[in-house]
Amino acid sequence: MTNPSDNTTHRYTPELAAQIESAWQQYWKDNGTFNAPNPVGPLAEEGKELPAEKMNIQDMFPYPSGAGLHVGHPLGYIATDTYARFNRMLGKNVLHTLGYDAFGLPAEQYAIQTGTHPRTTTEANINNMRRQLGMLGLGHDPRRSVASTDPEFYKWTQWIFLQIYNSWFDEEQQKARPISELIKELEVGKRTTKDGRYYADLTKEEQRQALDEFRLVYLSNSTVNWCPGLGTVLANEEVTAEGKSERGNFPVFRKNLRQWMMRITAYSDRLLDDLELLDWPEKVKSMQRNWIGRSRGAEVSFHAEGYNIDVFTTRPDTLFGAEYVVLAPEHELVDALLSPIPYEDDVDKRWTFGHDDPKEAVEAYRASIAAKSDLERQENKEKTGVFLGTYATNPVNGKQIPIFIADYVLTGYGTGAIMAVPAHDTRDYEFATVFGLPITEVVAGGDITKEAYTESGQAVNSANDSLDINGMSKDEAIATIIPWLEEQGVGREKIQYKLRDWLFARQRYWGEPFPIVYDEAGQAYPLPESMLPIELPEVEDYKPVSFDPDDADSSPQPPLAKAREWVEVELDLGLGDGPKTYYRDTNVMPQWAGSSWYQLRYIDPTNDEIFCDLENERYWTGPRTEEHGANDPGGVDLYVGGVEHAVLHLLYARFWHKVLFDLGYVSSKEPYRRLYNQGYIQAYAYTDSRGVYVPAAEVEEKDGKFYYNGEEVNQEYGKMGKSLKNSVAPDDICRDYGADTLRVYEMSMGPLDTSRPWATKDVVGAQRFLQRLWRLAIDENSGELSTTDAELSEDDLKHLNRTIAGVRDDYENLRLNTVVAKLIEYVNYLTKAYPKGAPRAAVEPLAQLVSPVAPHIAEELWKRFGHEGTITYEAFPEFDEKYLVDDEIEVPVQINGKVKARVMVPADADQATVVGIAKDDERIAELTAGKNVVKEIYVPGRMVNLVVK
């Protein structure tokens with residue numbers, strides 16, 4: 001490789017930095033410097049012994065935005081690259097690459113806005129992102145990079161979907177098993193169907209339906225979040241608390257549709273319990289615990305009109321106080337329980353929503369709440385509802401209690417029905433007060449004439465002929481009433497979860513097609529693996545049919561339905577009936593599909609036989625109990641990304657991975673052993689008097705106020721982005737300062753897990769540090785080495801060894817800001833101590849120490865020191881423990897609490913010795929002459945205080 005600094009100034013300028021960076025990036029590319037070998041398969045290296053120690057480091061799957069990157073985006077990428085480079089220097093085999101999560105709503109919306117096909121815009125965006133990240137010198141293994149939009153990738157997304165589809169969850173074994181094993185058990189009568197029938201007694205069609213009730217993927221007519229403005233349905237997690245779409249902020253309505261669902265609820269306990277095995281931030285664990293929402297209580301049946309209304313309650317001890325039942329307006333029993341006749345004359349008019357007929361009242365009420373979010377429905381101060389005209393029986397006292405629908409009850413939690421105990425629940429109390437319903441005290445301790453009493457207390461008014469819980473505490477009453485409910489056949493103990501099954505379909509174009517076809521009768525059939533991938537057809541009209549955002553009555557019309565030649569196919573599925581006409585599913589998978597398993601494809605990206613060879617997976621993500629303890633779940637060693645993915649991506653990925661583990665395809669129980677949430681780089685933005693954002697770079701500050709074109713503007717602090725006109729491109733910083741400068745600056749800004757403000761004016765500080773580093777090794781006039789062969793002094797050895805020890809510990813613990821601080825401190829020491837040339841033995845290790853965070857300049861210095869090849873795999877410097885302990889320490893000496901001098905004392909000196917040295921100090925002796933020292937205080941290693949009079 002040619003010397004990048006030939007025929008140019010020898011000062012470390014942005015121009016020289018650019019030459020050095022370009023040359024070394026080309027060297028890394030040409031030599032496959034960051035290629036990590038696998039144990040087996042296409043990426044294995046024959047004749048090479050695989051390092052026993054490995055490190056699998058991963059960034060969260062980025063979406064390739066059309067807007068390109070701003071300087072906030074690379075923060076995590078630089079951090080993981082720094083950590084990866086450090087671990088390579090420890091002799092570990094490091095897997096570090098970056099792919100692109102390119103399917104989904106954002107890419108499609110961008111394509112629609114620009115009028116360009118999403119494949120074209122996506123490929124262009126990926127290329128631009130690769131270009132921008134390439135400037136930073138990130139040490140990725142390019143052979144392992146994938147995009148979720150590559151057919152070679154989504155072939156395996158479809159394959160995994162089929163594995164999940166063809167599986168069921170065995171409650172006894174608490175694991176997924178192939179559906180073929182269930183069929184065998186059903187055929188011999190070892191198991192019955194969900195409703196207790198024998199499989200052999202069923203018709204073929206009934207058998208298919210019975211199996212679908214077990215599958216981990218199933219079609220369901222269920223209430224979904226319909227967003228007319230986007231023309232698609234959304235998962236609960238994609239809807240904001242205000243009832244708007246996360247993408248585009250459009251209104252979202254509740255609607256019954258037939259959709260693919262994934263039975264993630266089967267894994268509720270494992271998803272919850274296995275959080276304890278993970279090295280994750282407690283905040284993220286808490287968010288997942290709350291989302292899964294496990295609670296213990298009882299399921300109780302209220303008989304009504306030939307049906308059982310099942311309700312879940314954590315307080316079955318209050319059953320005697322249940323005065324009415326409330327169903328969610330979308331509950332499946334509402335229409336069946338509606339009275340077919342008009343309301344009786346004596347029905348309270350407050351119960352009828354202004355109508356004489358229950359059916360009309362329910363229809364009007366449903367329409368009135370269609371646009372309300374779940375949060376609005378739960379927090380709504382005004383309690384509303386409709387009486388169905390029918391009654392349910394309270395199972396503990398036989399009382400006939402009215403059945404209502406009300407928006408504060410949701411289908412997404414529990415059974416979608418509640419027993420209302422107004423005396424002891426605030427919302428029930430408010431509802432009962434508004435509607436004039438009875439309020440019966442069953443827990444002593446409060447004044448229910450004023451408000452609901454929601455604390456624990458002794459049971460009162462709670463007895464029948466065979467049950468008496470009066471006088472019992474809450475726990476005792478619950479322990480007594482549940483067995484009674486079970487004996488009577490009207491209830492049972494139950495654990496309930498907030499977690500709902502995962503809505504797994506979108507009415508869009510830009511997503512993975514389902515490997516499913518339907519016959520003329522609408523029956524679904526999985527396609528054989530030999531037909532994968534089912535490629536997304538190229539269509540001219542890829543736009544979804546969107547509607548007026550407020551049109552709640554609209555229905556989805558997927559764009560793929562327009563591709564008739566693709567939809568209608570002649571296939572022989574090997575069912576014994578020969579070729580038939582089938583119809584492809586015109587929905588696509590949600591944008592979370594590819595990111596639910598991509599970490600496994602990074603391991604084996606070119607394998608055509610399987611998504612990831614088990615031996616390769618075991619090496620890179622398998623449990624390592626000797627290193628991480630007996631309960632190590634395995635997984636990626638370090639996963640870095642934002643906390644915003646705590647519930648969505650991370651929960652879905654854990655679910656998919658656990659199914660693959662149960663089926664024997666992976667050895668690790670969890671996808672990610674360690675999670676680290678990086679903070680964000682934020683910036684100031686400015687708005688004029690109209691509230692319009694103005695370019696931040698053109699705003700001037702005068703006397704604490706901010707001006708744009710002479711007009712005063714308002715300053716606000718938060719995100720960085722093009723829409724806020726405060727975006728700074730990494731391209732510009734790399735051009736004006738150099739990539740290493742950008743890397744050092746971003747790592748120095750503060751702890752990695754906290755957010756920090758961007759300030760372009762401060763970047764020069766990182767540049768000056770690298771210039772001082774360069775001058776320690778290179779003569780700026782001649783370009784030759786400026787170091788000497790002098791031996792290191794004791795002081796040099798202390799500074800060097802302490803820097804090595806401190807920097808190593810900081811790298812290991814991702815304290816990258818203090819890494820930079822320690823390196824700056826050491827460079828400053830050498831600069832001051834050796835203005836005319838520092839010893840080579842002091843500077844050469846510095847190139848190794850700085851290499852993870854500023855790799856280009858480190859490579860160049862290493863080469864200038866006469867080394868061949870790359871610094872990447874040079875061993876990280878070792879330190880000598882003896883230089884980490886001081887022989888002497890400096891101790892401040894106070895007189896009456898004020899520091900008057902500082903003295904050097906032996907590090908292990910006792911109080912008498914230290915005080916004696918302090919008193920002998922010339923300055924202290926002068927100040928205490930002729931005075932009485934009445935007290936001597938010594939805080940070991942910290943200070944001496946002499947109290948004198």
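Yeah, the Cβs are placed from backbone N, Cα and C, and that goes for glycine too.
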Matching range for Swiss-Prot feature annotation, region 'Disordered', among 242-261, 542-561, 622-641: 542-561
Per Swiss-Prot, the range holding motif ''KMSKS' region', considering 9-13, 719-723, 754-758: 719-723
Which range of 62-73, 122-133, 806-817 is motif ''HIGH' region', per Swiss-Prot: 62-73
Same-chain residues at least 6 beyond the ends of the motif ''HIGH' region' (62-73) whose Cβ lies under 8 Å from its Cβ atoms: 98, 100-102, 104, 106-107, 110, 114, 121-122, 124-126, 128-129, 132-133, 680-683, 720-722, 727-730, 733, 742, 746, 758
Positions on the same chain near the region 'Disordered' (542-561), where near means CB under 8 A and six or more residues out: 108, 111-112, 117-118, 226-233, 250-251, 253, 255, 257, 367, 370-371, 507-510, 513, 567, 584, 586-588
Number of helical, extended and coil residues in the motif ''KMSKS' region' (719-723), per DSSP: 2 helix, 0 strand, 3 coil
Listed in sequence order, residues with CB under 8 A of LYS722 (ATP binding site) and six or more positions away: ALA67, HIS70
